[in-house]
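Peer 1: I have a structure here, written as structure tokens, and I will follow up with some questions on it.
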Amino acid sequence: MSRGAPFPVPCPVLLGTFTDDSLEAQLHEYAKQGNCVKLKKILKKGVCVDAVNTQGQSALFVAALLGHVKLVDVLVDYGSDPNHRCFDGSTPVHAAAFSGNQWILSKLLTAGGDLRLHDEKGRNPQAWALTAGKDRSTQMVEFMQRCTSHMKAIIQGFSYDLLKKIDSPQRLIGSPPWFGSLIQGSPNSSPNRQLKPGIISAQNIYSFGFGKFYLTSGMQLTYPGSLPVIGEKEVVQADDEPTFSFFSGPYMVMTNLVWNRSRVTVKELNLPTRPHCSRLRLADLLIAEQEHSSNLRHPNLLQLMAVCLSRDLEKIRLVYERITVGTLFSVLHERRSQFPVLHMEVIVHLLLQVADALIYLHSRGFIHRSLSSYAVHIVSAGEARLTNLEYLTESQDSGAHRNVTRMPLPTQLYNWAAPEVVLQKAATVKSDIYSFSVIIQEILTDSIPWNGLDGSLVKETIALGNYLEADVRLPEPYYDIVKSGIHAKQKNRTMNLQDIRYILKNDLKEFIGAQKTQPTESPRGQSYEPHPDVNICLGLTSEYQKDPPDLDIKELKEMGSQPHSPTDHSFLTVKPTLAPQTLDSSLSAQKPDNANVPSPPAACLAEEVRSPTASQDSLCSFEINEIYSGCLTLGTDKEEECLGTAASPEGDRPNQGDELPSLEEELDKMERELHCFCEEDKSISEVDTDLLFEDDDWQSDSLGSLNLPEPTREAKGKTSSWSKTDEYVSKCVLNLKISQVMMQQSAEWLRKLEQEVEELEWAQKELDSQCSSLRDASLKFANAKFQPAVGPPSLAYLPPVMQLPGLKQPENGGTWLTLARSPGNEREFQEGHFSKKPEKLSACGWKPFTQVSEESRGDCSELNNQLPTLRGPGKQSTGEQLPSTQEARESLEKNTNQNSRSMASVSSEIYATKSRNNEDNGEAHLKWRLAVKEMAEKAVSGQLLLPPWNPQSSAPFESKVENESTPLPRPPIRGPESTEWQHILEYQRENDEPKGNTKFGKMDNSDCDKNKHSRWTGLQRFTGIRYPFFRNHEQPEQNEASQASCDTSVGTEKFYSTSSPIGDDFERFQDSFAQRQGYVEENFQIREIFEKNAEILTKPQFQAIQCAEDKQDETLGETPKELKEKNTSLTDIQDLSSITYDQDGYFKETSYKTPKLKHAPTSASTPLSPESISSAASHYEDCLENTTFHVKRGSTFCWNGQEAMRTLSAKFTTVRERAKSLESLLASSKSLPAKLTDSKRLCMLSETGSSNVSAAFVTSTHATKRKSLPRELAEATSQQHLDELPPPAQELLDEIEQLKQQQVSSLASHENTARDLSVTNKDKKHLEEQETNSSKDSSFLSSREIQDLEDTERAHSSLDEDLERFLQSPEENTALLDPTKGSTREKKNKDQDVVEQKRKKKESIKPERRESDSSLGTLEEDELKPCFWKRLGWSEPSRIIVLDQSDLSD
């Protein structure tokens, strides 16, 4: 086992590693260790001998660097590449030179190692040897010099015996003899062995560090591939031709020279005199191209003829076949003036040849990678060759790509390179397809890809995700090729080279067929007549280049050139006039229409060049080429015809005379039409006025040249008749082409302008019609009157609409929104406004519309305002966090003080209107009284039936259910502490099909529920909504706030307006006030108010309609018991009467200090007798007067609102309103079970028309955790009322201790129950499943619900006498929460009430229920104890219900 010597100096590179334990990793490990035996075993297993590590280093590089001689021999024998490039460009030859071991370097040189290669820093192996230290580098440098000297001697013509004696670098190791004495080398390298010249074999191939070569039979030193190696003196400049050089890429230059009397083109590196060291690496490109060109043979690849080495062997030049024209890039962009006409069949023929060369490369496993117009060389007329193979990569069997130079593509070629090549990723066959497609676009549009953008900018653009696109000006078959070929992703480049070649070949056949049948015409307006002389199609003769009349061709070419052409600036200065010159007959025969071109057209063309317009840019150069080539062919045909009839020119003149007037007439007609079209185009729009003026001037200049043949006709003796005709025809063709392009552009402009005008007119009409419909609707709404109720309600009963007269419009003018509600509106609104845009407009029916003020009518961006979120106080707008309880309470009281005065000002007007509407029919009153009496009797006997909660049982709406689709559920808005539901009011429509496409802010439409039960989810989420309606008022306003109780959170009711433009908003309002037959409309109006960033909504709440299409789900936080409580409330009795209040009643502000219950009990065991009702009426009048409405303004909505708020409140004139108050009283007096209370919701809202009772709600520490009540709320509320209640009795404190012991055992069950009742996403899904199961049997009661109902009935039985007492002593109850009334009376009344309630509850509780619900029963009893919560400071589970009524004396 050989060991490498340690490095005395730092190594130029770091050795790479492996991240896994593969065979390749073991190979490198054994190479480091120098273990030859194990290395052979690994190689015999078939591992890749050139496997690389993380630095791109092969095992041979590692072994050579560490000086393992035996391992180097083994790896070379197994075929390892001595010129393998690492990631830094170094090779094993560099490593061997650094190691200082001459035997290792000689072995690598014999295997083909090259001493001329450089790393990325420009260092060759000799430079690496010098870095190893003087002791080790001296002998190594001398060895490399001996190899160089020996190679020079062989090239300079030393005798064959010299190569015969020293045939291997190993013979040069040690003290070098001067080509005489020999040093014994390898036993296999015998100097006496016989060489067989002319036979290429392993023994006849030599290598001394300058490439492998062999001797031919003529004793010619030849590289493999039979490439002669010549000296630099053998290639010289020809005497009969000028020097001609051109660039063949960013670093290479090609020069036409002569070698051995053969005209060749020599390619060499173009470097400055003193290049930077990194530039020295570019010399490797020629070596790589030499290697590839010597191994590849194809007719369309540029043929490499010889390799020229300099005397010092530092420079290398490649000798290729003669290139006559140059690169395609130079023809298209650098010397285009010399080649004004490129025939289409020539272009296609060139592209076919390039495609064939690429197909050959791909078949050999090579990828060009640097294909561009620089790589395409036009060697002769119509003959192209592909070259520039220095960046060629080879695909190996393993799938990897071998890059000889490992040099990145230069930035100058990024304009043609595929995105993966630019980003230095692996190139594939489709990378060459991309570059070939770019060349097709370049040659047909005369524009450099990426508009000549710098390569570095191209890379940045591609990195940002921008890619090259196909030019729309390309002809049809080529546009498809380019569009598919230059796609950014390789997988989308579906067209391969064989397909492209097939399309090009068929297109070329069509060209040739069109040329034979119609020599003067073609599908593209150009001639394809073959020219025997290449000068006609490529303009190569010197006479053609020196011809002054050719300037007009240059000018014609410049008209169509692209603005980014690199040579545009050189053609902008041309002479305005050209003097007529006498041309040779040969030139006249070739260019007949150039001989007699008058000076005015040239001046006209020069003027056009000096003032280009947008229309000129549209004329690309290949279109001008087609036009002009057609003129050339036409002139040639005319010349031949003229020469054929030269014997009788007299007979030919009449035909010419007839032809000229006809041409003049056609041209005059075309001129008039163009001028008329331009004048018409100018009158359409003023947007493109300047551009049209420029186009019109350009047309005038172009057409002005058509009138110039007048002096030509006068000078008939100077010109022949055929030249005049040809002049007319050429001008006609040119102007016709220009006119066609301008016509197309003008037509496109006209079409766009007409569309814009139509859109504006349509929008104006829609705006006018919708404004008129809005005014008509307002008049209809103002005159709408509804009759009072005439009978008891049914399940489908709808309360009538109340209207308020005399309310003025807002100051901003027209920013109120009027909405209507009818059966099924929630479902229709869900279906219509969560679905697609309406396909037709409804003639009648309610449609949402956005408020539009006159100032912002035209601004559609401001029409996306949403209706204000209807919230209770204490809740911020969507997305905002809950404020602190102290801030919420202060804001609530502040809003109450601000609004109480405005409410009182409106109350008398409301009452007067309502009293006028109470003149009911006597028969109707009789029916109502009978119904009330019957209902009361049922209530007394306990037989008052529960209305079914499932609206599907309602018969009147079954037909409507069939025609309506399933609505979408309301998406929740999740706050920090509670989950709020958005409630959307729907608008009544005449037809049942969904209308309108309304986009709602912050709405999620993805959770569409396709089940039928989801129709009711929306309404059930209206948390305690009531609908009192007002009649005969012009502008009813809807001011809604959500009710909240200790068991449910504040329901967030959010009204969304459409986010569509103004047209869509107004069209949904057309005929929106039409009434639906069989139903009564309910009208609401949302008013926007601004007041200290608070959303203030006065609240006559909505009464939930118990019908099939209107009823929807309550909030998910409500339990089944609460659902039943709503359905079994006293609203059935409330709807059955019409008893008025006194007119002198008024409203008075009352501050609520405790959260309220918002639902009435399920049933009442104590019915209301006529006496109790009449006695309660006076109390409730003052209760309603003292009601205040606490609303909060959402800060996220900014409407054109008014500064002051109009507070709308009403005195309810029926038993329905009084019963509603009773309902809230019962709900306040009832002690709900703790497990059904969801204290997570914030409950600090007031309720209008329901009750003025404020419930102080207290929970213990355990109850707070169980119910998720925010502790801040509890502390804030307790501190507020801490000093208002008397101290607790001693007996209550004793019972508290007993209560604590009972709660220990029942705490776990309560926590589980509260957790089940929390509003979570899992609960939402569970509730929806329950709704689905109950939609068939119309039942939603489970075993838990039955138990809850029993608890509720038991609670109601204890409140009978309390209710009567509360109704008879409102003053005392009011004083309970009024701190100004004195604490003595408050303490007395509360102590008496609590003792009485406690006694009655103990008697009513059943013995068997006491054991199972001991903790709950204790809670119900202790919560009514007067003052124990004050001492405990909310630390114990308790709940005090304080009943508050207005003072009648006030």
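Using N, Cα and C of the backbone, Cβ positions are placed for all residues, glycine too.
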Peer 1: Considering the residues S900, S1006, S1357, which is the one that Swiss-Prot annotates as phosphoserine?
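Peer 2: S1357, according to Swiss-Prot.
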Peer 1: Tell me which residue from S822, S1060, S1369 Swiss-Prot records as phosphoserine.
Peer 2: S1060
Peer 1: Here are some residues: S294, S721, S877, S1412. Which is flagged as phosphoserine in Swiss-Prot?
Peer 2: S1412
Peer 1: Can you dig through Swiss-Prot and tell me which residue of S380, S431, S437 is labelled phosphoserine?
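Peer 2: The phosphoserine feature in Swiss-Prot corresponds to S431.
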Peer 1: Write down the residue from S186, S190, S1169 that Swiss-Prot flags as phosphoserine.
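Peer 2: Matching S186, S190, S1169 against Swiss-Prot annotations yields S186.
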Peer 1: Would you mind telling me which one of S959, S1151, S1358, S1435 Swiss-Prot calls phosphoserine?
Peer 2: S1358
Peer 1: According to Swiss-Prot, phosphoserine sits on which of S1172, S1221, S1278?
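Peer 2: Comparing S1172, S1221, S1278 with the record, Swiss-Prot tags S1221 as phosphoserine.
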Peer 1: Give residue numbers and ranges for long-range contacts of the repeat 'ANK 2' (55-84): same chain, 6 or more residues beyond its ends, CB-CB under 8 A.
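Peer 2: Distal contacts: 2-5, 11, 13-16, 27-28, 31-32, 34, 36, 39-40, 43, 49, 90-93, 95-96, 98-101, 103-104, 107-109, 111-114, 117, 404.
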Peer 1: Would you kindly list the residues that approach the repeat 'ANK 1' (27-54) from elsewhere in its chain, counting only those six or more residues past its ends and only Cβ-Cβ distances under 8 Å?
Peer 2: 1-4, 15-19, 60, 62-63, 66, 68, 70-71, 74-75, 78-81, 84, 86, 398
Peer 1: If you measure every Cα to Cα distance among I205, Y206, S207, F208, G209, F210, G211, K212, F213, K267, the residues said to bind ATP, what is the biggest one in Å?
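Peer 2: Largest Cα to Cα distance for the ATP-binding set is 26 Å.
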Peer 1: Using DSSP, what is the helix/strand/coil residue split across the repeat 'ANK 1' (27-54)?
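Peer 2: Its residues fall into 16 helix, 0 strand, 12 coil.
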